[in-house]
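The structure appears right after this line, and notes come after that.
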Amino acid sequence: MTPVYEDRVMAEKTAHPLVRVESLALIAIGGFAGSNLRYFTGFLLPGMFGTLTVNALGSFALGFVLYETLYSGVLAQETRAVVSTGFLSSFTTYSTFALQSSQAPPLWLVANIAANYTLGFTGVLLGRYLAQSVDRRWSND
């Protein structure tokens, strides 16, 4: 199934107002879970290291969800919306990364920016690799 076709099918499925409300509620629940996990992570790993950790993990998870859609499409579109739009968008934090970087001494500023972008892109690539592996595994069964 192509992404354009899936979007049209999803639009037809969500035409009913109750389906839209259900989707919004599920995304809100995902957002609640993501923001609470982010808050808890801040206690375990305060400061830049905690922000780096959630951004790297979020990039990995989003990379997997995005590429899983392209390679195997096992996850339902609703599940992808809850995970990516709900959970991951509230779990990761660009604004905190920007604020912490701007307040850091010059060497830490450069190191933090380099680490966030390097681990973020690496996370996406590892997520893609995992999605390809899952697709191969499903294809061989």
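Keep in mind that glycine also has a Cβ here, set from the backbone N, Cα and C atoms.
If you check TrEMBL, you get these features:
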| type | residues | note |
| --- | --- | --- |
| TRANSMEM | 18-37 | transmembrane segment |
| TRANSMEM | 43-67 | transmembrane segment |
| TRANSMEM | 79-97 | transmembrane segment |
| TRANSMEM | 109-131 | transmembrane segment |
>> Ranking 18-37, 79-97, 109-131 by the number of C-beta pairs under 8 Å to the transmembrane segment (43-67), which range is first?
In response: 109-131
> Under an 8 Å Cβ to Cβ limit, what residues of the same chain, 6 or more beyond the ends of the transmembrane segment (79-97), are close to it?
Replying inline: 23, 26-35, 37-38, 51-52, 54-55, 57-59, 61-62, 65-66, 69, 112, 116
